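First comes the structure, then the notes that go with it.
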Amino acid sequence: MPAKYRNFRKSVPWLILFLEAVFIVVFYFSFSGDGASRSRVSYPAFQDVNHMVIFGFGFFLTFLKRYGFSSTGFNLLIIVLGVQCSVLIEDLLSFLLQREDENSLKRITNAVVSVTAVVISTGALLGKTNPVQLILMTVVEIIVFHMSRWINNTFLQVPENLSMMHVHLFGAYFGLAVSSRFSEPSPRSEKNASTPKSDLLSMLGTLFLWVFWPSFNSVLAADKSKAIYNTYFALAVSAVTAFLLSVLTTKDGKFRMTHIQSAVLAGGVTVGYAGHSIKYPWIAMILGLLASVISILGSYCLQSCLNPALKIHDSSGVHFTFGLPGVLGALAQIVFTVINNWTNSPRQGYLVMVHIGAFCLTVSVALITGFITGLILNLKLFKTIPVSKYFEDQLYWEFPHLAVGF
């Protein structure tokens, strides 16, 4: 194995040290203090979201049999770097736009929710990038996501909590665009597979995500109780539907773990846009059912038709876990806008165009900037790993029991 792929001592530590030095200096000269207004975000709510992002996504991505250390370890690295970067960007925007300072707890909660976009994007690239590429992608994506939110909030007047829920769409399509610039792994690669143990760990991450998803959807919502109520029932129905469709769509009539891991979360992604405004739980339940159907059936269509045509390898299926349910949620929000403003024709048309514009802007920015980011990350400077070394922990982690033979 060439030394440049075995040892990142000359690049990773110095890049991390440089970023941390920048963060500390900028925090020292931070533009905003602790906002005087009382935050609507409680510490338990923040703790739920933090647990969901670190534990949930950390274990959710451990399904590859030889990439478990990297899945959990790199997930923690990009989260802690991304949160710091996100807080600084929020402070910078508040200073430039002369907005009222937010409470510190809300700022860090916004940052943790925002970094979810990066974690989702990482799922599409799982096993194909080195730490330097992941760190650079994290910084770029956080900046671009905040700029996309700023455009939605400033020019389209999209509410803050709704613009934040675009995090699923942005993360999925940014990651897919970046992934299109990386070589596809060999279809016969033994490392691009799971084991019962790795699937069990991944299912543990799914359970963490499922349990804490109502907190994620409600943490920034005005009507928190309604958002929690609707999110729970959407998740419940999507979970039941996932088991149903898994049996019906497999050749041997057995449950498939990949279906359960992805489709049970689809309802939470979809209802995130309108969970705070849905009046009746049966509406959320229908959305959960449709989201699960789209997730499972979409996985077959995407893997057999769209992904090969576009040369996209989606390592962890973020497109049908977060992308397609996010599209369904955005469309459902438009339908609810039409229904709620049925008697106000002029305002109805304006609000519909705003939501359509926010959706198109988010996806377009994610795809364009993701494609450009993928081109940059493939420069020789960043030492892209060869296809033969994809999905391999030994590139980055020490294995004492293999030290003698290695």
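Cβ coordinates come from backbone N, Cα and C, glycine included.
Because the structure is a prediction, the values reported are computed rather than measured.
Here TrEMBL flags 14-391 as domain 'Ammonium transporter AmtB-like'.
The annotation transmembrane segment is assigned in TrEMBL to 12-31 (among others).
Through the fold, the transmembrane segment (43-64) approaches residues 71-72, 75-76, 79, 105, 108-109, 112-113, 115-116, 119-120, 122-123, 126-127, 191-194, 198-199, 201-202, 204-206, 208-209, 212-213, 215-216, 218-219, 258, 261, 315-316, 391 of its own chain, all at least 6 residues removed from its boundaries and within a Cβ separation under 8 Å. Annotation comment: TrEMBL describes 43-64 (among others) as transmembrane segment.
Residues or ranges marked as transmembrane segment in TrEMBL: 76-96 (among others).
According to TrEMBL, the feature transmembrane segment maps to 108-127 (among others). Non-local neighbours of the transmembrane segment (108-127) in the same chain are 41, 45-46, 49-50, 53, 57, 60-61, 64, 67, 70-71, 74-75, 78-79, 82-84, 86-87, 90, 102, 134, 137-138, 141-142, 145-146, 149, 164, 167-168, 170-172, 174-176, 178-179, 182, 185, 191-192, 216, 219-220, 314-319, 321-322, 370, 390-392; each lies 6+ residues outside the stretch with a CB under 8 Å from one of its CB atoms.
What TrEMBL records for 200-221 (among others) is transmembrane segment.
Here TrEMBL flags 227-248 (among others) as transmembrane segment.
Marked as transmembrane segment by TrEMBL: 282-306 (among others).
Residues 120-121, 123-124, 162, 165-166, 168-169, 171-173, 175-176, 262-263, 265-267, 269-274, 277-278, 287, 290-291, 294-296, 298-299, 302, 307, 348, 351-352, 355-356, 359 of the same chain sit 6 or more residues outside the transmembrane segment (318-339) yet have a Cβ under 8 Å from a Cβ within it. Taken from TrEMBL, the feature transmembrane segment applies to 318-339 (among others).
What TrEMBL records for 351-379 (among others) is transmembrane segment.
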Among 76-96, 200-221, 227-248, stretch most in contact with the transmembrane segment (12-31) (C-beta, under 8 angstroms): 76-96
For the transmembrane segment (200-221), sequence-distant contacts whose Cβ falls under 8 Å of one of its Cβ atoms, 6 or more beyond its ends: 41, 45-46, 48-49, 51-52, 55-63, 68, 109-110, 113, 116, 160-161, 164-165, 194, 227-228, 231-232, 235, 239, 257, 260-261, 264-265, 268, 271-272, 275-276
Contact set, same chain, for the transmembrane segment (227-248): CB under 8 Å, 6 or more residues outside the stretch: 210, 213-215, 217-218, 221, 254-256, 259-260, 262-268, 270-272, 274-276, 278, 281, 283-289, 291-293, 295-297
